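What TrEMBL lists as transmembrane segment is B:12-35, B:66-93, B:105-126, B:156-179, B:214-236, B:256-281. According to TrEMBL, the domain 'ABC transmembrane type-1' annotation covers B:67-283.
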Amino acid sequence: MTSLATRPPSTAAPRRAKPRRSGRTGSNLGLTAKYLVLLAFTAFSLVPLAWMVSSAFKAPQDVLEVPVRWIPKQWHPENFVKALMEPRFTGHTFLEFLINSTIVATVTALASVVLSIMVGYGFAKFRFRGREAFMWTLLGSTLLPFSSVVIPLYLVIDSLALTDTLAGLIIPFVITGQAVFVARQFIRAIPTAYIEAARIDGASEWVIFRRIIVPLTGPAVTTVAVMSFLFSWNQFLWPLVITSSQEGFTAPLGLSMLGMGSTFNTDYSVWMAASTIAIIPPLVFFLILERPYLRGLEAMAGIK
Amino acid sequence: MLRNRELRAALIFISPAILFFLVFWAAPVLLALYYSFTDWQVGQTETWAGLANYTKLLSDPQFHTAVLASMSIVLIVMAVSLVLALGVAIVLADPRIQAGRLWRVSVIVPVVTDWVATGLVFQLFFLPNQGVLASFGQSLGIDALNSVRWTTDAGLAPWAIAIFVIWKQTGLYAIFFLAGLKGIPGDIIEASKVDGANAWQTFWRIRWPMMTPLTVFVVVLSFVTTLGLFEPVYLLTGGGPAGATRTLPLFLFENFFTFGNSGYASAAGIYFLLLSLMFTFTASRILKDRDES
């Protein structure tokens, strides 16, 4: 259990390439059943998303057509331009909200990488009184449902005059217990002997951090970055609570307003085009960095 | 001397976390605790109210409904998504399954997509008469699906929310279970097979007991996560019909930001926080024990 997430994934290689000969029919039946389970579950996972993408290309009146048509009768790629460019929400466009989201999520991810590596190193390689207690309190506090601390956090952000700013969307999340914990799990795998050798050679603590630790934290960096980016991009309750002027809207906030109040819009194909656009950045990020992301989840669950 | 230098360095490295913990966790909670003992309304100065908010909450039928609504959604989601997740993980852990990465990615995709974007999709799925589910029903000849009022019927609305949450989260729990199953050394499984255990026995006698700590972690995590969910309720029912799905997070949000009953909402928030703390510290305790073993 002390071996760490940086272990190459090859350890999970198939244990046996071929099924045993005895009881082959039974086991083939089992395998077929397993494929059916997977097929059913992935259909459940993907059907809503496939429907979203296909509707994004349809004419508005065709979105709720019976029976469901998966390939649009006529293609309307201009829905995407409409979704992005058409001014709504007191003159602002969805494109502006996407830019806000990009800034917020990118800055959160970058800051979170730097700070988590620093703090994670402190927790992983130094002994001091109260270390364990603080580490686990930090982790426990950020496993809390966000909605249970949203009012207290609002009170503080309000008194710091950070409501309705992009900074207010970023600052509270540049350090999270999860990111620190994941960074710590990775950094613990770096042999302590390197650090001790450098100390004996007279290197300062900062030099040790910059020259020895940071270059060896590659996997931790990508993992923390992808987790923070996804977390930040998909946040909804917090921007809803602190953002009042539409200049500062993030993409999810803009999306949620599509079906509401003065901006009410029942052009469902535009809804779906906007939704499709909003899920592309996190999806692309995830598909490229799937392995680091999964490693982060595994580190979270304390596996390896 | 070296110890001293190290200690100072350690303090510097973890100082951002200390600062953050104080400013964005300890201070806010203390502030909310203070307000929970006052009658603060937005735009007015507060006066000390002692335990009034706390006792009033205990006899507030809306608060009771909120707790019940939260619990029923949590129970449905946990029962369905944990069983599904374990099933999918067992299947994915079979080394004979081809294209494992493709399946894994498809399973986890809903987890990384945004609540609001997918919430709009589910809004349209659940529309009565013309919604996507109704239309699937017609194609399959189940006309009864047509008139189902998924989000406006008090009995069905929690189910509609739960379906959306199950769709969104099951993949995450499946990935946790999968990692747990793969973490079991292959030679133990091999040995049990040599001893003549069938797949069923191997699972219940070896894999399952070895996964118990992880399972407890996933159970606790799914409990607190689902309890705290705001987005699916806000997007699908807005707490309706007539407050039937006004869950705890929504109750807090409405009282604080919509009605301005800030002191009252703070007290409800403290109840919610205490409830969540009990569970998250169980979870982090489990992680700690695993970490030390």
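Including glycine, each Cβ sits where the backbone N, Cα and C put it.
The transmembrane segment (B:214-236) shares more Cβ pairs under 8 Å with B:156-179 than with any other stretch in the list B:12-35, B:66-93, B:156-179, B:256-281. Same-chain neighbours of the transmembrane segment (B:66-93): 100, 103-104, 107, 158-159, 161-162, 165-166, 169-178, 180-182, 203, 218-219, 222-223, 226-227, 229, 233, 244-251, counting only residues six or more beyond its ends whose CB sits under 8 Å from a CB of the stretch. Away from its own ends, the transmembrane segment (B:12-35) comes close to residues 46, 262-263, 266, 269-270, 273 of its chain (Cβ-Cβ under 8 Å, at least six residues beyond either end).
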